Amino acid sequence: MPLLEARDVHGGYGGMNILNGINMTLEADEVGVIVGPNGAGKSTMLKAIFGLLLVNQGEILLRGEPIHNLPPNKLVQKGMGFVPQENNIFPSMTVKENLEMGAFLKPNSVKPMLKQVYEAFPPLYDKRHQRAGELSGGQRQMVAMGRALMAEPSVLLLDEPTAGLSPLYMNEIFARIREINAIGVGILMVEQNAKQALAIADKGFVLAAGQNRFTDTGASLLANPDVAKSFLGG
Amino acid sequence: MNEFMFFINNVLVAGSVSGSIYAIGAVGVTLVFSIMRFAHFAHADMMTFGAFMVLALTTAFPAAGAGFGMPTAVVMLPVAMALTALLAVGIDKAFYKPLRAHGVKPIVLVIGSLGVTLMLQGVIRLFAGTGGQNLYVDDRKEIFRMVLPLEGVRVPVVITEPQLYLFVLTLVSVVALHLFLNRSRLGKAMRAMSDNPELAQASGINTNTIVAVTWVIVGSLAAIAGTLLSLDVTFKPDLSFFLLLPIFAAAIVGGVGHPYGAIAGGFVVGFAETLAVFNWNVLLRPYRDSFPDWLELPSNLAFVGTEYKIVVPFFILVAILIWRPTGIFKGKVI
């Protein structure tokens, strides 16, 4: 049974649909990347999975259990983590407090998880008493991912985790994402840096106009001349 | 020196008294703003409600305080705090929650809170009448006069019993709130929701719980501020309402949505008021002989007359909004 499955998902913010029948499957040991042009519905799809917008047709399953249109706090309880692209930290709270909030529903696992997150992101340990809003972009992204990991999710949704980061930080974040996946967290992320993201992806989903255009392994999509021509800038 | 004692009584003591009241009031206003993002105009009448509960309980059990060696009104305060917290949660459920559920703009909630304040005023007047009543029903209000052991000092520093309770309870409330917001899981969740409500929800924080917790704290603080104010003066149904402007000024001066800012803002407004109405001539009087003959000081050197005290917070408010709209502590711009 796949970890996460979307079947013919239609949805939007009320009014016109943005998603017009999207299918996806992700296994527990996979990193999946959603790419596509602006307005293709990439971030919208991620938000639909996390219960942030109305799914009015089709279904989304987490280990076979329907989860579409459940509120976000229920999804967190079911093992889903979400890192939004913007406003993904609590700026006036310290790094440590940010992480603690991630494990809000599991107060007993705060200590062991803090240790684990500090091991995954060593810079966060040094800055744990600093306000998260004072950190650099790359470190903020680490705080945001660390916060989501604190809840011990089985699947992590990342909305453009490398947006606005320097190439150095981008590679750092991608390396961390592979590490997180290696400890058993399924990853589904939206990326603008499509080539680099597909290079580390097990599976890629190319969306256009709210529908699937290509679905394949990351390597095959990179090698596919049609994909390269239309979506990866040649 | 006696002139200086006069200064202590009229500026330091009086400023600390109004500053404490404004500070506790402004913390309540700022907490509501930081969690629900609207200016809660019914806060002053929640204060009155708290004091009214103390009045009702003290009238019903006038001898209850004797066993504790405290005025009955102070002994009844925790009960009144609980009742006011209950009222605050109830008002939210009945009036504000349905509005939020419809996704209305904050201004609609502000207008709603004006309606709530009128309603509270009516209900309280219905039961308490419109006149003033002493919260010291069976007890005597102690007044402490301390003549400082300095040469030539005859004028005592005057502090009343309710003022001492006010200082102590202000300190206790501020420390308790600080510990709650920084050490407890729920307090941190409140700060998280104030910082970034969407992310708080995405972290599994139940926003309804946080809203309820906020109202419990806000109601309790309102009861403390209203009761101590009424103890110091007398209980009047419109007493707290007239503090609405200085309380909002304090919250904005400190930086809206910033509890420590609200405390600082409360004291800034409190001291600004007492300094503005203080007759500075009193302090200059001892040096009168050394002034040149042509200089005749007017007998009243206050910046504004006592009857115009209310313009002081108004002036501070306008000045802050023009020159530093985020307040001392960089709060959220309204």
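Cβ atoms here come from the backbone N, Cα and C positions, even for glycine.
Per TrEMBL, the features are:
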TRANSMEM  B:12-35  transmembrane segment
TRANSMEM  B:47-68  transmembrane segment
TRANSMEM  B:74-95  transmembrane segment
TRANSMEM  B:107-128  transmembrane segment
TRANSMEM  B:164-181  transmembrane segment
TRANSMEM  B:210-233  transmembrane segment
TRANSMEM  B:239-256  transmembrane segment
TRANSMEM  B:263-282  transmembrane segment
TRANSMEM  B:302-323  transmembrane segment
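Counted as Cβ pairs under 8 Å, contacts with the transmembrane segment (B:239-256) are highest for B:12-35 among B:12-35, B:107-128, B:164-181, B:302-323. Between the transmembrane segment (B:12-35) and the transmembrane segment (B:263-282) there are at least 3 Cβ pairs closer than 8 Å, counting only pairs 6 or more residues apart in sequence, which means the two stretches are in contact. Most Cβ pairs under 8 Å to the transmembrane segment (B:47-68), among the stretches B:74-95, B:107-128, B:263-282, belong to B:74-95.
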